[in-house]
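Engineer: Right, I'll just put the structure down here and ask away after.
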Amino acid sequence: MSKTDFSHDLLRFSDEVKEALHSGKPVVALESTVIAHGLPYPENVATARKIEAAVRAEGAIPATIGIENGRFLIGMSDADLERFGSTRGIPKASSRDIPVILAQGGMGATTVASSLVAADLAGIPFFASAGIGGVHRGAERSMDISADLIQFTRSRVAVVCAGAKSILDLGLTLEYLETQCVPIISYQSDDFPAFYCRSSGFHSPHRLDDATVIARSIDMHWKLGNQSSVLITHPIHEEDAIGTDEVESIIREAAVQAEHEGIRGPGATPYLMRAVAKATEGKTVKANMSVLISTAALAGKLACAHIDYLRQQNQA
């Protein structure tokens, strides 16, 4: 039985997700920024359905999260997906934006950080995202650090992703996570991946090849009293990956140009991502779809392994 508070006044559960949590089925939370900001309509809705299908194929239930009418949507119906995909101007909601958007009663597309807030409130221990935010290059001057990293220290949710984007300072990102005692586990890989690239050039703190051992590690982390996330990474499929050196060269050149044009803060990330997409002649589109699907599938697999592990523990 779930410990979820289904009467929480800030949560609106879909019937499917409510039943799954109530009966102890594995559930995977998903963000809605990819729907409202990632792709044009109707491609965005079709992509969201593919991501949900990848979770279902592994035996888990997807719970796409959004904000509407003063509550978090925990799981979206087809009508919800269509509305979020076709409505223009939905603001991107990170952790700091949640109270204002909830109070105004408007719509909000959840990021990694805000999705973790909702997943934790809803009692969903797994979340999938293609890639996380991190410490930006030049953060020693700008102090530009993604809210994702801060939220990892506050939410008891296992985050499955393909690492962080190469446009970030991945060395400092890993240092920050180490300082905050956030475990990093790379599934069937020795390296910390970098979204489009199979390796960031940095060795992962832990490699685990067994889903049950990962499930046990997550359980141990929370049994120790930690209130933070566990980060589980898995690299993009080799056939869809873009070379690390190629991407790094593009980013360095684009970063210089961005600085010259005075592009900083929130505008820097989309600027650099567009530069990579243009220079690789659209290879990033295929790569992005690949990591969206593969991380969702792995999250579904690990959520099932976690449920099985907990059931075995309860029977012991």
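Note that Cβ sites are derived from N, Cα and C of the backbone, with glycine treated the same way.
Since the structure is predicted, the reported quantities are computational estimates derived from the model, not experimental observations.
Residues or ranges marked as active site, proton donor by Swiss-Prot on the basis of sequence analysis: Glu31. Annotated active site, nucleophile per Swiss-Prot: Lys165, in sequence order, evidence recorded as sequence analysis. Positions annotated as substrate binding site by Swiss-Prot, on the basis of sequence analysis: Lys92, Val112, Ser146, Ala147, Asp148. Look at Swiss-Prot and you will find Asp144 tagged as Mn(2+) binding site, backed by sequence analysis.
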Engineer: Between Val112 (substrate binding site) and Glu31 (active site, proton donor), how many Å separate their Cα atoms?
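Structural biologist: It is 6 Å, counting Cα to Cα.
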Engineer: Could you check what DSSP calls Ser146 (substrate binding site) once collapsed to helix, strand or coil?
Structural biologist: coil
Engineer: Give the sequence-ordered list of residues that share a chain with Lys165 (active site, nucleophile), lie 6 or more positions from it, and have CB atoms under 8 Å from its CB.
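Structural biologist: Sequence-distant Cβ neighbours: Gly131, Gly133, Gly134, Ala194, Phe195, Tyr196, Thr269, Met273.
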Engineer: Where does Val112 (substrate binding site) sit by DSSP, helix, strand or coil?
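Structural biologist: Val112 (substrate binding site) sits in a helix per DSSP.
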Engineer: When DSSP is mapped onto helix/strand/coil, what comes out for Lys92 (substrate binding site)?
Structural biologist: strand
Engineer: Given the binding-site residues Val112, Ala147, which one's Cβ is surrounded by the fewest other Cβ atoms within 10 Å?
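Structural biologist: If we count Cβ atoms within 10 Å for the binding-site residues Val112, Ala147, the smallest count is at Ala147.
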Engineer: Give me the long-range Cβ neighbours of Glu31 (active site, proton donor): same chain, 6+ apart, Cβ under 8 Å, in sequence order.
Structural biologist: Thr64, Ile65, Ala109, Thr110, Thr111, Val112, Ser114, Ser115, Phe127, Ser129
